[in-house]
Amino acid sequence: MAPSSKSERNSGAGSAGGGPGGTGGKRAVGRRREHVLKQLERVKISGQLSPRLFRKLPPRVCVSLKNIVDEDFLYAGHIFLGFSKCGRYVLSYTSSSGDDDFSFYIYHLYWWEFNVHSKLKLVRQVRLFQDEEIYSDLYLTVCEWPSDASKVIVFGFNTRSANGMLMNMMMMSDENHRDIYISTVAVPPRGRCAACQDASRAHPGDPSAQCLRHGFMLHTKYQVVYPFPTFQPAFQLKKDQVVLLNTSYSLVACAVSVHSAGDSSFCQILYDHTALPPAPPSSPGPWSPEAAPAFPSLGVEVVPAQPSGAPEPSPAIAKAKEFVADIFRRAKEAKGSPLEETRLPSSLGPSSSRCRPSLEPQAPSGEVVPRDSPPAAETTAPEPGYINYTKLHYVLQSGEGTEPEDEFEDDKISLPFVVTDLRGRNLRPMRERTDMQGQYLTVEQLTLDFEYVINEVIRHDATWGHQFCSFSDYDIVILEVCPETNQVLINIGLLLLAFPAPTEEGQLRPKTYHTSLKVAWDLNTGIFETVSVGDLTEVKGQTSGSVWSSYRKSCVDMVMKWLVPESSGRYVNRMTNEALHKGCSLKVLADSERYTWIVL
């Protein structure tokens, strides 16, 4: 190939002469070739193709936004976010508010059908965060699940950074609280299904007349406190149809699905009681060494489960072993054994025990469900005290004012949802699927109580449990989610008060310590298991902010060190307006899978 610049010609000449310039030329050419080869080799290892190899795209798939969108829409304040995973749509949003400080922000999301050689065609417009009083501009993130293309989820984050005291007075809040707004919206269908055609005939001329499967909207709002939970869409949406929400006090797994009346294929997504461990002794428990590869990438110490060949002990035996194990542990500590040596054999109980309902102090001893019990007994197993499960079906009612509001007012644990269709009509919640006609939307919520879990782990599994006084604050980070086994691995950072170790003479007052607890939560059974318990690290002169900053950095380092890349199609697509809040704009909207750019 002929050199395209003077420097390359000189490099080539040096190469021909074999002098010093030639050596440098060979190095330069070799370095460029080696770079490409290394990149292609990395594709084999990671399964992902770096977009840096193809920054210069052919002009036929590189179009200007001004050429495909009418100026009226640009003047109306449309902020374009990016391509959908399928490449069929480009998404944008608008925000509007009044001129005074007491006006609310109103957000709308838009789907535009994209064709390279024609202008964008608007196919859907919806209002986000139904009827919420939003007083400041939000950080927006629009996400798509790895394989579920039927809906998108929109997160709105309020950072409390605007108008200071006026904002606090109006919202009766302070800088220690932040509002989280969420809307889940059905994606426009490629073609009109039979139910959509029926809706169009019932409401001629109304573009929002869609069936529930292709035209639902679900909204909720909750408030988080300091230390504000990290936003982890890659983990929170890793399981299709499910979103994990950290509310600061609990981890809520929400599953959203649409079904038709009389559909025999209805399948419960969360908290399926029939997924309890089977009876054969050769089948290990969920966290026995044989089952440990559920999280192969994290390399953490898994507290061993009971041997697979051993029978399940009765509740009385479990409590007796727990008592003996506590005595054994205290004796080991009195002899000055290292902390890592005080973890007990699996046969002795607390370190290897699953947190079953039978181990709760207020639970009767007969609540444990034996592994060899019949299926009927498994389906009637009581809920562990640290979880709450609800399932509501939302249906569209023709009559107004018939919703039984009082039936659902007493539930203070589950997140409140408002479900509407595209025409703005509210859907009525029902607990049973009886007497349903047409389509209905099902919302499942499985809630894990953080403080309950913390107390249980310290009580059963912490070697320093006898030193523990109380915890003052905690922070939760999701380390991994396995969509095949429905296991969620979380890290709980703790600030706590505890008495010093017995070896420290004269120390009678408790000190402040930091530690972390790793816990695996099963979305099928609701049961959690202790993976590992960290040692106590004394907090000396550090602020809580510096403690949480170091803790989160350690979590990021752990996740990145053991990260196993997903296949190119198994990623969470994420679009955000972060650039707008930084005072700049995106340069391009890129569809990396189809090598298409829209230049802004």
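Every residue number used here counts from 1 along the chain in the order it is shown.
Any Cβ shown, glycine's included, is placed from N, Cα and C.
Around the Cβ of H214 (Zn(2+) binding site), the number of neighbouring Cβ atoms within 10 Å comes to 22. When secondary structure is read from DSSP and collapsed to three states, H214 (Zn(2+) binding site) falls in the coil class. Annotation comment: Swiss-Prot describes C193, C196, C211, H214 as Zn(2+) binding site.
Residues or ranges marked as compositional bias 'Gly residues' by Swiss-Prot: 14-27.
Per Swiss-Prot, the feature compositional bias 'Basic and acidic residues' maps to 334-343.
Annotated compositional bias 'Low complexity' per Swiss-Prot: 344-359 (among others), in sequence order.
Annotation source Swiss-Prot lists compositional bias 'Low complexity' at 374-384 (among others).
According to Swiss-Prot, the feature phosphoserine maps to S50 (among others).
Positions annotated as phosphoserine by Swiss-Prot: S314 (among others).
Taken from Swiss-Prot, the feature region 'Disordered' covers 1-29 (among others).
Positions annotated as region 'Disordered' by Swiss-Prot: 334-384 (among others).
With the fewest other Cβ atoms inside 10 Å of its Cβ, the least crowded of the binding-site residues C196, C211 in this structure is C196. Within 8 Å of the centroid defined by the CB atoms of C193, C196, C211, H214, the record's Zn(2+) site, lie the Cβ atoms of P189, R192, A194, A195, Q197, A199, Q210, R213, G215, excluding the listed residues themselves. C193 (Zn(2+) binding site) has a Cβ environment of 14 other Cβ atoms inside 10 Å.
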